[in-house]
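Participant: Have a look at this one.
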Amino acid sequence: MLTVGCTLLVALLAAPAVALVLGSCRALEVANGTVTSLPGATVTLICPGKEAAGNVTIHWVYSGSQNREWTTTGNTLVLRDVQLSDTGDYLCSLNDHLVGTVPLLVDVPPEEPKLSCFRKNPLVNAICEWRPSSTPSPTTKAVLFAKKINTTNGKSDFQVPCQYSQQLKSFSCQVEILEGDKVYHIVSLCVANSVGSKSSHNEAFHSLKMVQPDPPANLVVSAIPGRPRWLKVSWQHPETWDPSYYLLQFQLRYRPVWSKEFTVLLLPVAQYQCVIHDALRGVKHVVQVRGKEELDLGQWSEWSPEVTGTPWIAEPRTTPAGILWNPTQVSVEDSANHEDQYESSTEATSVLAPVQESSSMSLPTFLVAGGSLAFGLLLCVFIILRLKQKWKSEAEKESKTTSPPPPPYSLGPLKPTFLLVPLLTPHSSGSDNTVNHSCLGVRDAQSPYDNSNRDYLFPR
C-alpha cells in the first residue's frame with residue numbers, strides 16, 4: 001500500500017506545473033475608492049463630490065495619529081514619498097463642510113514564503129509554518145492550499161487558514177491528521193496583501209514519516225565524585241511528547257570544548273540518563289541529546305542546546321615529604337577499569353609535582369632522610385666484610401686440601417686423613433695381574449699412631 005502511494009506521489013510531482021497548482025493566490029481585494037501605493041511613491045488623492053469641482057479652495061485633514069492639514073486649490077492633493085505611516089483616511093471639506101473621505105493604503109508586497117511542515121508526535125495534527133524575515137503588514141493574510149492523497153478515497157482538496165503569532169514571528173497552519181493515517185499531502189502556502197501576493201513551492205509529506213519530536217528537555221551534565229573520567233548526563237522527554245503511548249530512543253554526542261569532532265552514542269529505548277566513561281580528565285566537555293520514535297518512525301529531533309560539564313577534580317594535598325599529590329591524576333579504579341581502553345589518550349599522565357624547594361625542607365624530614373642514608377651505608381659495609389671473611393675461609397680450606405700429605409711421624413697427635421686415592425704396597429707374591437689394596441684408616445688397637453703405611457716406608 002505504501003508503495004502504491006509513493007508511486008502516485010511521484011507521478012503527481014512529475015506532472016506539468018499546471019497540474020500541481022493547488023489554488024489561486026491573488027492579492028487581497030480593497031474597498032471601493034481606496035487608493036493603494038507602494039512605499040516611496042507619489043500619490044494623488046481626489047476629493048469626491050461635485051462641490052469640489054473647479055477652482056475652489058479645499059481643506060484636507062489626515063485622520064491618523066498625526067495631526068496634519070493641507071489647503072489646496074482644486075480637488076486634488078499630491079503626496080510625495082509616502083510611507084507605511086501615511087496609511088489612513090484623508091478628509092476633504094469646503095467652507096467647513098465635509099465633502100468626502102479618501103482612504104489611502106501604503107503597503108509592501110509579501111516576500112516569497114518558505115514552507116516547512118512537521119508533526120510533534122503521532123497523536124497530533126501536522127503543522128506547517130513560515131517565518132518571514134521582516135514583520136508583515138497588518139493587512140497580510142496567509143492560507144494553506146492542501147491536497148490529500150490516499151489509495152482508498154483518491155484525492156481531496158482543501159484550504160486551511162493560517163494565523164500570525166507576534167510572539168513566534170511566524171505564520172502557522174494546522175493540517176488535520178488522524179492517528180494511524182498513512183496518507184500523503186501536497187501543500188502550498190499563499191501569502192497576500194492589498195498590493196501583491198506570493199506562493200511557496202509545493203511541499204509533500206507522509207503523515208507518519210513526518211513525525212519529528214522536539215529536542216529533549218532539561219539536559220543536565222554533572223561530575224561523579226571519585227571518577228575523574230566520568231560524566232553523568234540526564235534529560236527528560238519534551239513536553240510535546242506523550243510517553244504513555246509512544247516511547248523515544250535517544251542519541252547522545254559529546255566532545256571536548258577544543259575539539260570539533262563528536263563521539264556519538266545510541267542509547268536504549270526510554271533511557272533518560274547516561275554515564276560517559278572516557279571523558280578527558282579536567283577538561284570541559286560539550287554534550288547534546290536528540291530523540292526519535294522508538295520504532296524509527298519519522299525523523300530525529302534537532303539536537304538539544306549545548307550543555308557543558310567537567311569531570312570530577314580532586315583537591316590537591318601536600319604529603320609529609322613536601323610533595324603535592326593530586327588524586328585526580330592517578331586513580332586505581334581508573335587504571336583498572338578504563339585505562340586499558342584509552343592508552344592512546346593525549347592527556348597528561350604526570351603523577352607527582354614538587355612544590356617546595358630543598359632549602360625549605362623541615363628539620364624532621366632532614367633527620368629522617370639522613371638516618372636512612374647512614375643506616376644503608378652501614379648495612380653495605382657489614383655485608384662486604386661478611387662476604388670477605390667467608391671468601392678467606394673458603395680459600396684456606398681449599399689450600400689445605402691440595403697440600404702434600406704430612407710426614408708419618410709428628411710430634412703431636414695425628415688426625416686421620418682420608419685420601420681419595422689409596423696407596424699401593426709392593427707385592428711379594430702372586431702374578432703381575434693381581435693388585436693388593438691396603439685398608440685405609442685402620443689403626444692398631446694398642447698404638448695411637450697410624451702405621452698402615454709402614455711397608456711403603458720400610459721395605460722388607
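Backbone N, Cα and C atoms are what each Cβ position is placed from, and that goes for glycine too.
Marked as disulfide bond by Swiss-Prot: Cys25-Cys190, Cys47-Cys92, Cys117-Cys128, Cys162-Cys173. The annotation domain 'Fibronectin type-III 1' is assigned in Swiss-Prot to 109-214 on the grounds of sequence analysis. Feature annotation from Swiss-Prot assigns domain 'Fibronectin type-III 2' to 215-313. According to Swiss-Prot, the feature N-linked glycosylation site maps to Asn32, Asn55, Asn150, Asn218. Marked as motif 'WSXWS motif' by Swiss-Prot: 300-304. Among the features that Swiss-Prot reports, signal peptide is placed at 1-19. Per Swiss-Prot, topological domain 'Cytoplasmic' is recorded for 386-460. Taken from Swiss-Prot, the feature transmembrane segment covers 365-385.
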Participant: In whole Å, how far does the CA atom of Asn218 (N-linked glycosylation site) lie from that of Cys117 (disulfide bond)?
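Facilitator: For Asn218 (N-linked glycosylation site) versus Cys117 (disulfide bond), the Cα atoms are 25 Å apart.
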Participant: Starting from Cys128 (disulfide bond), work out which of the recorded positions listed here (Cys92, Asn150, Cys162, Cys173) have their Cα within 10 Å, and give them in sequence order.
Facilitator: Cys162, Cys173
Participant: Here are some disulfide-bonded residues: Cys117, Cys128. Which one has the most Cβ atoms within 10 Å of its Cβ?
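Facilitator: Comparing the disulfide-bonded residues Cys117, Cys128, the most crowded Cβ belongs to Cys128.
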Participant: If we count other C-beta atoms within 10 Å, could you say which of the disulfide-bonded residues Cys25, Cys92, Cys173 has the fewest?
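Facilitator: It is Cys25 that, of the disulfide-bonded residues Cys25, Cys92, Cys173, has the fewest other Cβ atoms within 10 Å.
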Participant: Quick one: Cα separation, Cys190 (disulfide bond) versus Cys162 (disulfide bond), in Å?
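Facilitator: Cys190 (disulfide bond) and Cys162 (disulfide bond) have their Cα atoms 10 Å apart.
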Participant: Rounded to the nearest Å, what's the C-alpha distance separating Asn55 (N-linked glycosylation site) and Cys47 (disulfide bond)? Just drop the number here, would you?
Facilitator: 13
Participant: Could you check which of the recorded positions Asn32, Cys92, Asn150, Cys162 is the closest Cα neighbour of Cys117 (disulfide bond)?
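Facilitator: Comparing Cα positions, the closest of these recorded positions turns out to be Cys162.
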Participant: Counting distance between Cα atoms, which of the recorded positions Cys25, Asn32, Cys47 is nearest Cys162 (disulfide bond)?
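Facilitator: Its closest listed neighbour, by Cα, is Cys25.
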Participant: Measuring CA to CA, name the entry from the disulfide-bonded residues Cys47, Cys92, Cys173 that ends up nearest Cys25 (disulfide bond).
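Facilitator: The answer is Cys173.
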Participant: In three-state terms from DSSP, label Asn150 (N-linked glycosylation site) for me.
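Facilitator: DSSP assigns Asn150 (N-linked glycosylation site) to strand.
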Participant: These are the disulfide-bonded residues: Cys47, Cys162, Cys190. Which one scores highest on other Cβ atoms within 10 Å?
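Facilitator: The residue with the most neighbouring Cβ atoms within 10 Å is Cys47.
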Participant: Are any of Asn32, Asn150, Cys173 (the recorded positions) within 10 Å of Cys47 (disulfide bond) when you go C-alpha to C-alpha, and if so which?
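Facilitator: Near Cys47 (disulfide bond), where near means Cα within 10 Å, there are no recorded positions at all.
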